[in-house]
Each structure stands twice: as C-alpha cells, then as structure tokens.
C-alpha cells in the first residue's frame, strides 16, 4: 500500500484533537455495556420466535464491532490525525468504522418497516414478519453493505501530508472515485432508507388514527416509537451526510479547490464523531420498541444490582443470575398457587402439576 507524500490542502488537525476522542471515549464507556445487554436481550427475543429480535440483535452486533474500532480512532485524533498502526489496520478499522454507519441505518429502516407491517397490516403480511424472513433480510443487508463499502479496500488509504501527518481514510481534497462513492452513500445508503422510514411513520400514523380498538396511551407509545427511529437517523447521521454531500459536490465542480475543505474540516470531523452516538441511542431504542425487552433488561439490571450489593456474592450469584428452567418455573407456579389459596401436590419429573382446592375453614 502506498503512503507517499502529496501536496494536499492545508488542514489544521490541532483544532479538533479533543472533541472527537472525548466523544468516542464516552461512547465506549456507555455503548459497550449497554449493547452487550441489548444483545443478550435480543437473543432471548429471538428464542421466543420474535422477528424483531433478529433485527435488534444484528444492530447490536454492528454497534459492538464499531465500538471495538474506537480505541484506535481515539489514538488517531490524539496524535493530530496521525495513524501509527500501519496500512493493514487502517484498511480494516476504517472499513468497519465507515461501513457501520450504513449497516445501522439499514437495520433501523428494517425495524421501522417491520413495525409498520405489524400495526397497519398484521394479517396480510404476517409471512413477512417471521424469524426466517428476518434472518434472510438481515443477510441481504450485511452482504449489500459490506460489498458496497468494500471499494476502499482496493485503494491506498494512507496519505502523508507535507507536515508528515499520516491520514487514514482521509484525503483533502478527496479523489474523484471517492466523490462518486460518497454520492452513492448519501442517496442510497442514507436518504433512501430514511425516506422509507418516513413513509412507514406516515403509514403507522394513519393506521393508529383509524383504529378504534387501540387505546389512546397505546397510540401515543406507537407514535413515539416510530418518531424515535426517524430522530436517531436524523440527529446522528444527517449532519455528517450534509457535509459529505457538500464536499463531494464542491470537488466534482471545482477539483483541487482547497478553500471549502479547509473551512469545513473541523465541522466535518465533529459530524463524523456524532455518528458514534448511534451506538448509545440504539440500546435505548431497543427498550422502547419491545415490551418483553424492557422486562428482560429490567430483570437483568435488578439481578445485577442485587449481586453487586449483596453481602454474600456467591449465594446471590447462584440465586439471582440463574436462568429460568422448566423445573424452576414449576416451583414458581406452585408458590404462586399456595399464595392464592391453592395447594399443589409434589409433581414427579415430566408430570403436570396437580392443583387441589383447600377446603373451607371450619366455622
């Protein structure tokens, strides 16, 4: 891979060496544990044959892969945009970093469309809301986004400027093929999914407004969920794509015009850093989108808190962090029956629990 010196634009990498790494450190600290928890909860939903869990699990996996690249980007910005880890790692981590943006947008779009079908056409498109269908759609998303964003892997992505800074996945001004690829990313990777999300939101609003059986509180929750999907994409990704489109359009109109690149350099880096907030917003979205997920997450957090605050950690570990089994479920059912005035005869293994009513107390 070549990394020769080129006479590019004069961009001052010192002006933004604090904000992006600070934001990335925050995302690592918050996004890593919350996405691990979301991944576990999504897996539980998939085991319950919930197709929504498939999309949420893939979203968590993409976020975790992205978070794993952030320590090297923190180091990159702290060294004033100077990549010191070699060309191979630049290609790999840059590829994961930028591809995650469009994988996340695609899965947010899948969630939005899935919710539209569930609310507006619960019976008509029931076959499209099966786990097998969600797995197939997720496979197509991964294959499409990985393939579409793999072009930089076949080009040089390390560039050394006149000040001996080695840029990774950045060149000012950009190259011609990069400008055209950016247009594809903006219109196909960002605007098209966002348009589908807007249409889904409109369809959800019409379906909810016309439903007489849905309670007002439930209608508000559905609207809030659909709007939160659109807001995540708009807040996290729109500023970056506005600047990406502007840089690409200016280059295609006036190649090697450094004035615009130098003016937007700091804003561009800040908008790129803002895309990482998606990894913090996604787990919050996960709790909003699924009632069972909220219950799973709340139960896990409660058990973890009890474990951390218990005087007997080993006892709490065995008592609080044990997953339900058929046997423990039976025991819990028996306990609830006794509390309600029922007595359960001790069941043998594989037998059903036999319940007998207590006789009324003697007068």
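Cβ atoms are placed via backbone N, Cα and C, with glycine included.
Because the structure is a prediction, the values reported are computed rather than measured.
It is 50-80, from the ranges 50-80, 298-328, that Swiss-Prot records as transmembrane segment.
Going by Swiss-Prot topology annotations, residue 82 is found on the same membrane side as residue 254.
The Cα atom of residue 168 (disulfide bond) lies nearest to that of 155, taking the recorded positions 9, 155, 258 as the candidates. Sequence-remote contacts of a segment are chain residues at least 6 beyond its ends whose Cβ falls under 8 Å from one of its Cβ atoms, and for the transmembrane segment (130-156) they are 1-3, 46, 49-52, 54-55, 58, 91, 94-95, 98-99, 102-103, 106-107, 110, 114, 169, 175, 177, 181, 184-185, 188-189. If you look at the transmembrane segment (9-45) against the transmembrane segment (215-250), you find fewer than three C-beta pairs under 8 angstroms, all six or more positions apart, and that falls short of contact. Cα of residue 165 (site 'Proton sensing') to Cα of residue 145 (site 'Required for activation'): a distance of 30 Å. Using CA atoms as reference points, the recorded positions 9, 145, 155, 258, 269 were checked against residue 90 (disulfide bond), and the closest is 155.
Through the fold, the transmembrane segment (50-80) approaches residues 13-14, 16-17, 20-21, 24-25, 27-28, 31-32, 35-36, 38-39, 42-44, 89, 93, 96-97, 100, 103-104, 107-108, 110-111, 114-115, 129-131, 133-135, 137-138, 141-142, 165, 168, 269, 276, 278-279, 282-283, 286, 289-290, 292-293 of its own chain, all at least 6 residues removed from its boundaries and within a Cβ separation under 8 Å.
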